[in-house]
Ligand SMILES: [Fe+2]
Ligand SMILES: [Fe+2]
């Protein structure tokens, strides 16, 4: 199922398939008849549509949110992140089956993949309602980099993807919601509010299974997290941090503050 989603290029088709497979997995779990865990060889990179054109971040046009074009670029960027997130969650399901994990691990990432599929569709709906569509603008080329870098290490994958990248989403989403509140584009504020509320659980799944694996190996989660993030995500984490939502997701301040180049005092938060 995971490989089938990863191998589907079109965004709407990928998310429709993702939602069908998630529903089938979760329904089987509810019946008490879990689907068998298979083994699979996920592709090194997921299939992607011919458009959007993928550009390196320094070649991406920069536009402020004060113009419609700038706001469309922002929604387009979120759609791209969500599509990438669909693939990331199915990839963690398929790639690490040699590490024995409880079924709840798969439930969590199946649920997260289903959430991201809805998030992508919500962002596409906003783009289309505003006269654009996913693929109309260029997108960030480096999105799969974190997945490739951590393809051989489940702990590193959990540290970098949900606990660093998705946690960063919790930091920046309130500011994006404020942009669209100001312009009265309510379809976008409503969609981003759904995303904001649901992303907490993805970070929480990450910290839950990271702590589980550290506990199983009798290693210190905080020290392990610092070592893995310094190795696989060398740029410093950027405050301000959403300390409240990070706490909801089981990420304590002593996990992320030491990886930033500032101290809590220097930012006044
Ligand atoms: Fe999402
Ligand atoms: Fe997410």
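Glycine too: its Cβ is placed from the backbone N, Cα and C atoms.
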_From 33-62, 63-92, the residue range that TrEMBL assigns the feature region 'Disordered'_ = 33-62
*Residues sitting near the region 'Disordered' (33-62): Cβ under 8 Å, six or more positions beyond its termini, same chain?*
2-3, 6-11, 14, 24-25, 73, 76, 80, 83, 87, 90-91, 94-95, 97-98, 103, 106, 134-142, 144, 148, 151
*So which residues does the region 'Disordered' (238-269) touch in its own chain, when a touch means Cβ under 8 Å and the partner is 6 or more beyond its ends?*
163, 167-168, 170-171, 174, 200-201, 203-204, 206-208, 211, 222, 225-226, 229-230
_Residue counts (helix, strand, coil, in that order) that DSSP gives for the region 'Disordered' (238-269)_ = 17 helix, 1 strand, 14 coil
